[in-house]
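Everything below concerns the one structure shown next.
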Amino acid sequence: MDYIKEWILPQDPEVAEAIAQEEQRQRYKIELIASENFVSRAVMAAQGSVLTNKYAEGYPGKRYYGGCEYVDIVEDLARERVKKLFGAEHANVQPHSGAQANTAVYFAMLKPGDTVLGMNLSHGGHLTHGSPVNISGMYYNFVAYGVDQATERIDYDVVRQLALEHRPKLIVAGASAYPRQIDFARLREIADEAGSYFMVDMAHIAGLVAAGLHQNPVPYAHFVTTTTHKTLRGPRGGLILCQEEFAKAIDKAIFPGIQGGPLMHVIAAKAVAFGEALKPEFVEYQKRIVENAKVLSETLAEKGFRIVSGGTDNHLMLVDVRSKGLTGKEAEYILDEVGITVNKNTIPYDPASPMVTSGIRIGTPAVTSRGMDTLAMKKIAAAIDIALSEPNEAGAAKARDMVAALCAEYPLYPNLD
């Protein structure tokens, strides 16, 4: 990248070299981590703009610093665009991350010790949905729901039983490793019956929701949180959507509650990404993500891998690698050695520890951003199968050649030199 050579290399060759190496990794490896994606040049440019210099504590029109007239425009653009994208009454675009967004909702609506119902991390939930090592699990009394052992899908009758038994102040839906559609309408019915607030963390599926490929939680949830990267293909950051009646409480929870100054350069990048997501081609992109995931999942199943829940409805799949005599940790390492990046992942009712696991998580947003199609997915599945079925140098060489050919055929940022 020219900016590395021109601006960073003369000033800091060590950082420049690390960035250059990461660029090479992204270009010449196949990125299958479900939570990662490749942003547009426009998003990158906005994030690297002069807005990084501006402090802007507060909200548009109500800042604690002068000179905010132009960053106010940017933040208002981001808020209005994302409200239009999801049909929301209120949006806060200041959270630095999805974790910050979730924490802000808890901070706004709960008191320490309040009971919350959230999805078990080992069944596909998220760290911030009550894990005992996270602030959510330390400060609040989380009760976990999971998936049925036979179907590996959420059993809404069990969720209802738990909700009526524990009467939580808040029910949290959403996941980091759940390959099926979530019925937000049903969960809102359960929340109403139990007298609970309802929050949806749609971080992984926000792009699919924006494109109309997954039920939109906004009409059903009191609060919707998300990251702005992943399927939404924006910068790394967070977002909260809510009904107008909760707007003041949410805004106060973010600032001055848990954050100081917003990252205005990131908010600018969010605004650009939301603008991109409002275009018709974004819908087609999301359709390709889902189609690619379906074909990749089916092809891996044909090659003898067990796919958790039998398939996928969204952008990701969980692959049980025990049929290859491997752990998730081993599979992650073997695939990385041939240029395929995945992450080890616990599968429901996993007998292995979270640091070892029996599965890997695979997602298609990043490869779809490179332009890869269903034929490419079949080639990726073949490369994965060869690498994991033939864990020797001969198998690795075959898989590496397949990866190199795909990366050459579908270049990343081809004009960014």
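Cβ from N, Cα, C; glycine included.
The (6S)-5,6,7,8-tetrahydrofolate binding site annotation in Swiss-Prot covers Leu121, Gly125, His126, Leu127, Glu245. Under the heading site 'Plays an important role in substrate specificity', Swiss-Prot lists His229. The N6-(pyridoxal phosphate)lysine annotation in Swiss-Prot covers Lys230.
Geometry remark: His126 ((6S)-5,6,7,8-tetrahydrofolate binding site) versus the residue listed as 'N6-(pyridoxal phosphate)lysine', CA distance 15 Å. Cβ contacts within 10 Å of Leu121 ((6S)-5,6,7,8-tetrahydrofolate binding site), excluding its own Cβ and spanning all protein chains shown: 24.
His229 (site 'Plays an important role in substrate specificity') falls within neither a helix nor a strand when secondary structure is assigned with DSSP, and so counts as coil.
Cβ neighbours of Leu127 ((6S)-5,6,7,8-tetrahydrofolate binding site) (same chain, under 8 Å, six or more residues apart in sequence): Ala99, Leu121, Val133, Asn134, Ser136, Ser176. Taking CA atoms as the reference points, His229 (site 'Plays an important role in substrate specificity') and Glu245 ((6S)-5,6,7,8-tetrahydrofolate binding site) are 27 Å apart. Sequence-distant contacts of Gly125 ((6S)-5,6,7,8-tetrahydrofolate binding site), defined as residues of its own chain at least six apart whose C-beta falls under 8 angstroms from its C-beta, comprise Gly118, Met119, Ala144, Gly174, Ala175, Ser176, Tyr178.
A Cα-Cα distance of 29 Å separates Glu245 ((6S)-5,6,7,8-tetrahydrofolate binding site) from Lys230 (N6-(pyridoxal phosphate)lysine). In the three-state DSSP classification, His126 ((6S)-5,6,7,8-tetrahydrofolate binding site) falls within coil.
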